[in-house]
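If you check TrEMBL, you get these features:
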DOMAIN    30-545  domain 'Major facilitator superfamily (MFS) profile'
TRANSMEM  30-55  transmembrane segment
TRANSMEM  67-91  transmembrane segment
TRANSMEM  98-117  transmembrane segment
TRANSMEM  123-145  transmembrane segment
TRANSMEM  157-179  transmembrane segment
TRANSMEM  185-207  transmembrane segment
TRANSMEM  277-300  transmembrane segment
TRANSMEM  315-337  transmembrane segment
TRANSMEM  344-365  transmembrane segment
TRANSMEM  452-478  transmembrane segment
TRANSMEM  490-511  transmembrane segment
TRANSMEM  523-541  transmembrane segment
Amino acid sequence: MVEGAISKADKTEFTECWNAVWRTPYIMKLALSAGIGGFLFGYDTGVISGALLYIREDFKEVDKKTWLQETIVSMAVAGAIFGAATGGWLNDTFGRKFSILIADVLFFAGALVMAIAPVPWVIIIGRIFVGLGVGMASMTAPLYISEASPHKIRGALVSMNGFLITGGQFLSYLINLAFTDVKGTWRWMLGIAGLPAVIQFGLMLILPESPRWLYRKGKVDESRDILAKIYPAEEVENEMLAMKKSVEEEKEIEGSIGSSTFTQIKKAFGNAACRRALYAGIGVQVAQQFVGINTVMYYSPTIMQFAGFASNRTAVALSLITSGLNAVGSIVSMAFVDKYGRRRLMIVSMVGIISCLIVLSVVFFQASVHAPKISSVESAHFGNNTCKAYANAPNPSSWNCMKCLAKQADCGFCSSTNLYAPGACIAKTDALQGACKAEKRVWYTKGCPSKFGFLAVVFLGLYIIVYSPGMGTVPWIVNSEIYPLRFRGVGGGIAAVSNWTSNLIVSLTFLTLTEHLGSSGTFLLFAGFSFLGLIAIFFLVPETKGLQFEEVEKMLQKTYSPFRKNIATKEISEHTK
């Protein structure tokens, strides 16, 4: 999953947060209103997983063309890359509030376009609009919340945005399930996202701009008026002085590294400490995506069908498990990340991920090997509709369900009344699908009946459990801590673009990989990528737990080695004894 930078918060901060919002509800109003952007981010990235099943049913060309399915899913990610890139400029030029309003317009327009789409390419246009909104929301919502929150509870309120992202994904699966039997199915699933966008747009119209942005633009009195609504009266002037100092330091940093993006990137890679930080920061972000997490989040119901659960409704219902565990895992992470450290948590997470992916590869391999055979008698039962590839095969007795469903055959499998007994391989038409179901049989087009299906569900769940608290959230925390202060903006931006780009590559190729390598081979490939990621983390990523920014920079002045205990970490360890 891709999230905006996650700010960590401890139990004390959450207690303080509760007390602060109880005394000043206006703070929560600001945070929740902006947080709807995070919710929409999660919803629009998660809803396509279930909607895709029904889009395939309505548009036969989508069902037949894997690349078209991948394009529908991944164009939101492509739009998000551009949205995140332009979001930074919009934030600085026109303000956080204006950027959120633009994101809402894009969310609403995308939802409306998809809901009324008469052909697949119109859905793709809608996905691009939504993706632009997702990219802007990922940049702007955490920033607005951070700048409009009291500094003592900032981490807790920004963390809430992360919860809303995973909560939005979970709700999208519930919405998918709710509309499985409603006429219009996928149109409702995709179109309903326009409602929260309208609500947020209305709320943001009556809420103020970020006080920090106003101060940078010379609107000091307006900035003070907003701070007066957030802080107790006796703290306002201190906060104004702190903001003045912070903005001056920020402008000084901009002066030292230049204002153009190209100049900033060049200087970042030219600085030894920042270059090593970028190797680590980019490494963990790319690893986060190449473990295959978003194949599960974007294609979860499809994977359930690969595992042998033919019903769309059943596949969507089982996908709730992965989404729910992902939401829980983001909360669990906050309890462990400061106790056990970032590096250790990621390494343990990667070992668990690799183990689960290898087991999933074995499970899907066994499912394909033990797929039901094809019966010529069962196939003939449906008249002169036997699959042509099967009928013309030189050795049809060697065929099983998997071969019947292969792209080269492009046929459907109608199970026997005994689910695991030999079944029929027949032409893939709506009429034959109806005839199969009329006889109380099960119709398969993506996966085969399998006694191993429940194991796939179990280990997908375990995969999410080991992923979410570690590789799900820690890479963002590492990227918020590892860069020298003057390079934090450009370093975080480069790493975020690396994450989105890796996300795009994975989501754009998953179904093609399953066609050529099979589900088993695809999960094994991701296990291989994960192993490479584990090596990169072990050798490139230092432990930043408990270190000040200056200590991290000092540590990275020399090439990092996992076998050499750095002085900064040693000092921290001795201090805490």
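All residue numbers here begin at 1 and follow the chain in the order shown.
Using the three backbone atoms N, Cα and C, a Cβ is placed for every residue, glycine included.
Just so you know, TrEMBL annotations are computer predictions that nobody has curated.
At the 8 Å Cβ cutoff, the transmembrane segment (123-145) and the transmembrane segment (523-541) share fewer than 3 close pairs (sequence separation 6 or more) and do not count as touching. If you count C-beta pairs under 8 angstroms between the transmembrane segment (30-55) and each of 67-91, 185-207, 277-300, 344-365, 523-541, the highest count goes to 185-207. Residues of the same chain lying 6 or more positions beyond the ends of the transmembrane segment (185-207) and with a Cβ under 8 Å from any Cβ of it are 29-30, 33-34, 36-37, 39-40, 43-44, 47-48, 50-55, 58, 97, 100-101, 104-105, 107-108, 110-112, 114-117, 123, 126, 130, 133, 172, 175-176, 179. For the transmembrane segment (277-300), same-chain residues at least 6 beyond its ends with a Cβ under 8 Å from one of its own Cβ atoms are 1-2, 45-46, 48-49, 52, 73, 169, 173, 268-269, 319, 322-323, 326, 346, 350, 353, 357, 460, 463-464, 467, 471-472, 474-475, 478-479, 482-484, 487, 491-492, 494-496, 498-499, 502-503, 505-507, 510-511, 522-523, 526, 529-530, 532-534, 536-537, 540-542, 552, 556, 560. The stretches the transmembrane segment (67-91) and the transmembrane segment (344-365) do not meet in space: the count of Cβ pairs below 8 angstroms, excluding pairs fewer than 6 apart in sequence, stays at fewer than three. This prediction places the mean pLDDT of the domain 'Major facilitator superfamily (MFS) profile' (30-545) at 88.
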